[in-house]
Each structure stands twice: as structure tokens, then as C-alpha cells.
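A quick write-up on the structure given underneath.
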């Protein structure tokens with residue numbers, strides 16, 4: 001058992017010491033890129049972009065507080081939260097508040113896309129930028145108040161670990177945490193994700209009016225891309241958050257073993273991906289996001305290197321896509337004409 005414990009401890013140290021810094025670098029690039037892209041003219045028109053923008057800012061703060069403190073504690077045995085009871089309380093409180101805030105913003109973006117895709121005009125009116133001026137501050141306030149009790153119950157015991165030690169408070173905390181931050185977000189994301197998909201399929205089945213102009217079609221296409229982006233983010237969030245939620249709940253109500261403690265620490269590293277991967281998910285799932293990212297690359301290359309190579313590649317690619325669309329459209333029209341001719345004969 002001692003050999004197993006020492007082996008797992010060694011793996012844990014190496015995991016934090018060498019892998020977490022890569023996460024910090026990728027997370028910095030990801031969230032800074034998100035902040036820049038979601039602030040752009042083409043994307044800030046969408047109310048859900050406000051949620052993604054604030055989520056990226058919150059994720060960046062999380063990386064440079066919680067993740068770095070955890071990296072130092074697990075990778076180098078330097079736990080700065082043990083230096084002060086105030087810092088200890090703030091760290092635990094901040095850890096749970098930021099996680100809840102990130103999940104809540106993702107849920108709000110999911111609800112926003114559901115409202116945006118609805119055929120009900122009254123529901124669509126709630127998918128507006130002016131609504132985010134109330135929902136975002138309200139989310140920050142509710143998230144901050146939800147875990148305020150941690151500032152009273154967290155303590156440092158024998159200078160070893162910053163945590164809740166009263167058994168009754170521990171059970172209450174994990175029941176509350178499990179319901180609020182572990183069970184509710186996946187369920188809400190699943191419900192509103194399915195409702196959004198239902199709305200999108202309903203839209204596809206509807207016959208478009210003859211007076212639909214190109215601007216309306218372009219906006220609807222971009223709107224659908226934002227819906228796809230939201231669905232990918234929701235799926236990834238559940239994928240990386242659920243393992244930690246399950247193992248933390250098991251350890252809270254049972255005596256933790258060497259293996260389960262190791263798994264909990266390993267799954268904490270896995271959960272960090274929810275604050276890191278958003279840029280890469282957005283790039284893969286939405287054309288409008290990729291185009292905006294390329295525009296910013298073009299701008300940076302012009303300013304720093306006086307280079308137009310990226311711009312030329314971007315323009316060439318757009319022209320090629322237009323040619324493919326024209327060819328597809330002409331081919332569709334030709335097939336329709338041939339079908340009509342055969343029917344008449």
C-alpha cells in the first residue's frame with residue numbers, strides 16, 4: 001500500500017508540475033482570444049456573445065488565481081493559502097463562486113439561444129443585448145451570495161490543509177455543492193440544448209417567405225452557428241465537470257482512500273479544461289468565429305510584420321467558397337428544370 005501511495009503521489013506531482021503550466025499558457029491564449037473576438041463588431045451584436053465575453057474574463061481570473069495556487073501547492077508543495085486564514089477563506093470561497101459563475105453564464109447563453117431560435121415573438125424579445133445588462137450582474141451577485149457560508153466555516157487545521165473540518169458542515173456543503181453546481185448545470189444545459197435543437201429543426205421545416213432578403217438569411221445562418229457553438233460548449237462542460245463532481249461526492253460521504261484522493265486531484269486537472277478549451281471549441285464549431293479570428297490575425301500581421309500573406313490566403317479562400325456556392329446553386333436550378341421538363345412530358 002505504501003508503494004502504491006508513493007507512486008500515486010509521484011504521478012500527481014509530475015502531473016501538476018509539468019502539465020498544468022501548459023494548461024495555463026493555453027488558457028491564457030484561449031481566453032484573451034475570446035475576449036478580443038467576442039468584442040468585435042460582427043459578434044457583439046449577439047446577446048450570447050456578452051455571456052461568452054464575461055465567461056472568458058472570469059475564466060482568465062480563475063486561471064491566474066485558483067489554478068496557479070493549486071499548481072504551486074500540488075507541484076511544488078508551496079501552499080500559499082496556509083500563510084493566512086483570510087487567504088485560505090478567500091481561496092476556497094473564490095474557487096466555488098467562479099465555478100458556479102462560469103456554469104451559470106454558460107446556462108444563460110444556452111437559454112438565450114433557445115429564446116433566439118423560438119418561433120414565439122414574445123420569447124425572442126428576451127434574446128436581446130439589453131437583457132444581458134440585468135442577467136449578468138444578477139448572476140455575479142447570486143453566485144457570490146450562494147457560497148458566502150464558506151467564509152465562516154473554512155479553517156486551517158494544524159497548518160496542513162485549508163478546508164472545512166466540521167463533519168456536519170462538510171456534509172451540508174457537499175450536498176449543496178452537488179445540487180447547485182454539479183447536478184443543476186448539466187440538467188439545465190441538456191434541457192435547453194434539446195429545446196434549442198427542436199426549435200432549429202422546426203425552423204428548417206418551415207417554408208421561407210419569398211421576400212426573405214440576403215441580410216435576413218445571413219443573420220439566420222450566423223445565428224445557427226452561434227447555436228452550434230453553444231451546444232458544443234455545453235457538451236464539453238458536462239464532459240469535463242462530471243468526473244470531479246462524482247468523485248468529490250463519493251469522498252465526501254465515504255472515507256477517502258489513496259486511490260480516490262488521487263483520482264480527485266487528477267480530475268481537478270481535468271476540470272481545468274472548462275476554463276481553457278473554449279477558443280478551440282469555438283474555432284472548430286462556428287465559421288463566423290474562425291473568420292473573425294483570421295481577420296484579427298491579418299490585422300496583427302500587418303501591424304507587426306507588414307505582411308499580407310494571411311490576408312491573401314483568406315481572400316482566396318472566400319472567393320473559392322463563393323465559386324462553390326454559385327456552382328452548387330446553378331446545378332440545383334438545372335436539376336429542378338430537368339425534373340420539371342420530365343414531369344411535363
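The backbone N, Cα and C atoms fix where each Cβ goes, and this holds for glycine too.
Of the candidate ranges 174-197, 198-221, TrEMBL annotates residues 174-197 with the feature transmembrane segment. In TrEMBL, the feature transmembrane segment is placed on 266-289, out of the ranges 266-289, 290-313. Residue ranges 20-39, 320-339 are listed, and TrEMBL annotates 20-39 among them as transmembrane segment. When each of 51-73, 93-115, 136-154, 229-254, 266-289 is checked for Cβ pairs under 8 Å to the transmembrane segment (20-39), 51-73 comes out on top. On the 0 to 100 pLDDT scale, the domain 'G-protein coupled receptors family 1 profile' (30-289) averages 86 in this prediction. As a quick check, the transmembrane segment (174-197) and the transmembrane segment (93-115) clear the bar of 3 or more Cβ pairs under 8 A, pairs 6 or more apart, so the two touch. Counted as Cβ pairs under 8 Å, contacts with the transmembrane segment (229-254) are highest for 266-289 among 51-73, 136-154, 266-289.
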